[in-house]
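To keep things clear, I will list the structure first and then write my remarks on it.
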Amino acid sequence: MASPRVFPLSCVVQQYAWGKVGSKSEVACLLASSDPLAQISEDKPYAELWMGTHPRGDAKILDNRISQKTLGQWIAENPDCLGSKVKNTFNGKLPFLFKVLSVDTALSIQAHPNKELAEKLHLQAPEHYPDANHKPEMAIALTSFQGLCGFRPVEEIVTFMKKVPEFQLLIGDDATAQLKESVGGDTEAMASALRNCFSHLMKSEKKVVVEQLNLLVKRISQQVFDGNNMEDIYGKLLLQLHQQHPGDIGCFAIYFLNLLTLKPGEAMFLDANVPHAYLKGDCVECMACSDNTVRAGLTPKFIDVPTLCEMLNYTPSPSNDRLFAPAQSQDDPYLSIYDPPVPDFTVMKMEVPSSVTEYKVSTLDSASILLMVQGTVTAIIRSAHAEIPLYRGGVLFIAANESVLLKIIVPKDLLIFRACCLL
């Protein structure tokens, strides 16, 4: 009997401290909806749902015809399920990890290395950089999602230097003057000045950072108490970050990096060397399979300031330029495609109105993982004469070139995300 090629998955929940707790977490809500036996604790964080083959979170296959195997084990035995191009390009392995994140506490000013730097870091410090792969990521908002991404225009940074003397003091007079002089000049001079300023900030003496941050927090708190609006210097956010990470240099990063608030369906793509941080909200995330992260603030984990300052892309851009817009499918009016400029992954979003009774999931020459965020359907797999019920939070693995028809059981709109690899 042939092994099934479409089957549901039981995925791994990571309870990191920065996650939203209990039913406030989209991760917990998806888990509770898909598994009636799931026990959701209202005092525990539910930070991430991992859908893939990562060694620390290999999904389990929920199919009696496949006895007690993880997805990674099954793919290793059936590499043709990936699709010929994916199998050959990525050595018979699933090249992406698909996630849901529920963020309550800001997590880490960070960037990810390109492949060349990843290989170098892995050789030098494998305990901190455990593989030689790059780690591009894409975050697509499920709820209002706040994050930092890329360097903001230099003019904005100069304005913050004037309004936040504590920030300017850490950067220093010489670096500040260089940045001001670079405004309106050539891009290379601007990037060089920006690198100098950011490096000065991030390499500041800890004692001085704490002193200046405490002064700023005291000043903002007093102004807010007196009824003044401090949002021109992101007063509320600064106080929030300081409360979460007292005395942390990363609190000042909000004056360097673009602050984005994504609406549901909006996305940001985090290519190699782009500084970023997730601050608050729920999102779907897809990334290349790697654990390589270079951190420098807002984290209790290992930080590597010299590497981060050296590797970053210092090209400034407005926040709107950091939004990654999906393409609308020409063949399917309900399908949007987030296709970043990397080979490892693509994410599809399907929004199917309640008036539709059946929806055909497009056939791809790639293995894919499908997540039901909203709706109740029966997945009909004609090649196997099988039917699989799928509820909110349900996860389905679809091998390459398999056809799946979704029959809508409850007349409500569907919201589905699907990760795949379109080479």
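A Cβ is built for glycine as well, from the same backbone N, Cα and C atoms used for every other residue.
Residues annotated as active site in TrEMBL: Arg295. Feature annotation from TrEMBL assigns Zn(2+) binding site to Gln110, His112, Glu137, His276. If you look up TrEMBL, you'll see 170-257 marked as domain 'Phosphomannose isomerase type I helical insertion'. The domain 'Phosphomannose isomerase type I C-terminal' feature in TrEMBL is assigned to 337-380.
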Legend entry - Shell list (Zn(2+); ref centroid = CB of Gln110, His112, Glu137, His276; cutoff 8 A): Ala111, Lys135, Leu270, Val274, Pro275, Thr293
Legend entry - Positions on the same chain near the domain 'Phosphomannose isomerase type I C-terminal' (337-380), where near means CB under 8 A and six or more residues out: 6, 9, 30, 34, 51-52, 75, 81-86, 89-90, 94-96, 98, 100, 134, 136, 138, 140, 142, 265, 267, 269, 271, 284, 286-289, 324, 326-329, 331, 386-423
Inset, instruction - Looking only at the domain 'Phosphomannose isomerase type I helical insertion' (170-257), report the model's average pLDDT. - result: 97
Legend entry - Neighbourhood of His112 (Zn(2+) binding site) by C-beta distance under 8 A, where only residues 6 or more apart in the same chain count: His134, Lys135, Pro136, Glu137, Leu270, Ala272, Asn273, Val274, Ser290, Asn292, Thr293, Val294
Legend entry - Gln110 (Zn(2+) binding site) and the residue listed as 'active site', distance between Cα atoms, whole Å: 4
Inset, instruction - With an 8 Å cut-off on Cβ-Cβ distance and a minimum sequence separation of at least 6, pull the same-chain contacts of Gln110 (Zn(2+) binding site), or say none. - result: Pro275, His276, Ala277, Thr293, Val294, Arg295, Ala296, Thr299, Leu308
Legend entry - Per-state residue totals over the domain 'Phosphomannose isomerase type I helical insertion' (170-257) - DSSP helix, strand, coil: 68 helix, 1 strand, 19 coil
Inset, instruction - Note down the number of other Cβ atoms within 10 Å of the Cβ of Glu137 (Zn(2+) binding site), including every protein chain shown. - result: 25
Legend entry - Other CB atoms within 10 A, centred on His276 (Zn(2+) binding site): 23
